[in-house]
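Have a look at the structure below before the remarks.
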Amino acid sequence: MNKKITVIGSLNYDVILKIPRLPFKGETLTANGAAFSAGGKGANQAVQAAKLKTPTYMVGCVGTDASADFLVNTAKEYGVNVDYIRKVPGSSGMGVINAVEDGSVYACIVRGANFEVTKEDVDNAMPILKESGVCILQNEIPVEIIVYAIDKAKEAGCTVVLNAAPAIELPEECLSKVDILVVNEVEAEFYCHEKIDSVEKAKTEIKKMAEKYNNNVIFTLGKDGAVAYENGTIEFIPAMKVDAIETTGAGDSYIGAVSHSIIEGKSLIEACKFATKCSAITVCRMGAQPSMPTLEDVE
């Protein structure tokens, strides 16, 4: 397998508010603090892979606003190749994250330039896709581009990892082309049409999903850990017990780490165990990309 990763997806400017609780309707709640960082599922996943010393390319769009250069330069500083990030007129993507003291996160995103990614952007990235062992995608770019990118990545010989987040309707034939499908419990409920309220329920539903789409699947379950389905084998990987400060980017750290491990020839279940260590470190720090561990941090 080629030892590079291409990520096609989103870049967002994140505003993170540390709050004691969610405000009530009509209430103005004073936050305990604020932080500003580069984010977006695509960029976060690319940064985590790059921090683990995997050559990583980012394909996406930013705007022409004040945050655009910050997003591109931050990814570059973490080692991501940014040659395939295109500037388009208008605003970059944005995320507003309410990080509650108990570790829970409530987030909203503004699409911005992320919805300007085109088929031409994907076509232009074919040379790097052909050099990549893994292509990572998420649902923060237009559906038609997700579908097209999956086809082109498969054509290039990549293992396709789809983080189906946020949960949106996707063509079934598209999901069947994905090699590794990753969802959290909320997204799993959307795609399975079942409440995922226990590890045993997750094991039941992950088997159904994997058999339906004929692929390998990961359900991430937050502080409970994850359930992985790999070629008929189902395994629960418990989370590490840590004092979480903020969980923004934990899922993205997990996916970047899984993809890094796949590139290194690990099984999916082995990859999930490594990713569990990475995400445990991520939640103990503030911000998405700054909090993600290097290979030295994990080892």
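Quick reminder: no glycine exception, Cβ is built from N, Cα and C everywhere.
Residues or ranges marked as domain 'Carbohydrate kinase PfkB' by TrEMBL: 3-294. Annotated substrate binding site per TrEMBL: N12, Y13, D14, G40, K41, G42, A43, N44, E140, D252, in sequence order. Among the features that TrEMBL reports, ATP binding site is placed at N184, T220, L221, G222, K223, D224, G225, G251, D252. Annotation comment: TrEMBL describes T248, T282, R285, G287, S291 as K(+) binding site. As annotated by TrEMBL, active site, proton acceptor applies to D252.
Features as recorded by TrEMBL, highlighted on the structure.
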residue: N12; record: substrate binding site; Cβ within 10 Å: 31
residue: D14; record: substrate binding site; Cβ within 10 Å: 26
residue: K41; record: substrate binding site; Cβ within 10 Å: 30
residue: E140; record: substrate binding site; Cβ within 10 Å: 26
residue: N184; record: ATP binding site; Cβ within 10 Å: 21
residue: L221; record: ATP binding site; Cβ within 10 Å: 20
residue: T248; record: K(+) binding site; Cβ within 10 Å: 28
residue: D252; record: ATP binding site; Cβ within 10 Å: 29
residue: T282; record: K(+) binding site; Cβ within 10 Å: 32
residue: R285; record: K(+) binding site; Cβ within 10 Å: 16
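Using Cα positions, the member of the binding-site residues K223, R285, S291 nearest to A43 (substrate binding site) is identified as S291. Neighbours of the K(+) site: apart from T248, T282, R285, G287, S291, residues of the same chain with C-beta atoms within 8 angstroms of the site's C-beta centroid are I245, E246, G249, A250, S253, V283, C284, M286, A288, Q289, P290, M292. Each residue in the domain 'Carbohydrate kinase PfkB' (3-294) has a pLDDT score, and their mean in this model is 96. For the binding-site residues N12, K41, E140, R285, S291, a Cα-Cα cutoff of 10 angstroms around D252 (ATP binding site) retains K41. Across the structure, T248 (K(+) binding site) and N12 (substrate binding site) place their CA atoms 13 angstrom apart. G225 (ATP binding site) counts 19 other C-beta atoms within 10 Å of its own C-beta, drawing on all protein chains shown.
Residues G9, S10, L11, A38, G39, G93, G95, A288 surround the recorded substrate site, their Cβ atoms falling within 8 Å of the Cβ centroid of N12, Y13, D14, G40, K41, G42, A43, N44, E140, D252, which are themselves excluded. For K223 (ATP binding site), the nearest neighbour among the listed binding-site residues (D14, R285, G287), judged by C-alpha distance, is R285. Cβ neighbours of S291 (K(+) binding site) (same chain, under 8 Å, six or more residues apart in sequence): E246, T248, G249, S253, I281, T282, V283, C284, R285. Spatially close to G287 (K(+) binding site) yet at least six residues away along the chain are D14, I16, A35, S37, E246, T248, G249, judged by Cβ distances under 8 angstroms. When the binding-site residues N12, K41, E140 are screened for a C-alpha within 10 angstroms of the C-alpha of N184 (ATP binding site), no residue qualifies. Taking the Cα of G225 (ATP binding site) as the reference point, the closest of the binding-site residues N12, K41, E140 is K41. With respect to their backbone Cα atoms, E140 (substrate binding site) and L221 (ATP binding site) stand 21 Å from each other.
A count of other CB atoms within 10 A of each Cβ picks out A43 as the most crowded of the binding-site residues A43, K223.
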